[in-house]
């Protein structure tokens, strides 16, 4: 496997295996990792992860597990057995759920994926949180959940780049994975709390998830190269 030399993760947000692999075949595993989300995984099952690993990619399995502690821990174990590089769970599942996942991975003798917590989805603003009974700003809720994640022994968090400076200050050991990244001039789509790749890294993000600006580009390889050039300055 080619070791990835950048913090970039390209989201394979496609409905079919064929479409996802068509994009993957245009990308260099040395320049990016790839993310498999709910739609692609549901339509393609675990075979898509195996195929991407065989192509040399490190895979972020973005299924945001959220269930009772044992069920979630067993799902994380299954992901590890697939060979994924990163897997995530919802921090809102609570301390016991996250700790159960950490404990299950610690039993493994082989490589362990990075265990990442999802704080507040980047599409959510204060009024969205109020609608589910949380009368707080997104950043305040992120910090609450981050404290739980660190206590549970998580490796990092998914968060908006706008929350990254405060998170790095409060929890410097946590690795920050940031979606909602849009190169300069890109449309915002449905991601609200966004920054450019360079801005996100400067804010403290460790990994950057980029979707449509690369996946929907006329030349995805060229679009990826442009983002790499941007972050390398």
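Note that Cβ sites are derived from N, Cα and C of the backbone, with glycine treated the same way.
The active site, proton donor annotation in Swiss-Prot covers 64. The Cβ of residue 64 (active site, proton donor) has 38, 88, 89, 90, 118 as same-chain neighbours under 8 Å, each 6 or more residues away in sequence.
Of all the Cβ atoms in the protein chains shown, 17 others lie within 10 Å of the Cβ of residue 63 (substrate binding site). Per Swiss-Prot, substrate binding site is recorded for 13, 35, 62-71, 122, 182, 191, 211-212.
A strand conformation is recorded for residue 63 (substrate binding site) in the three-state DSSP classification.
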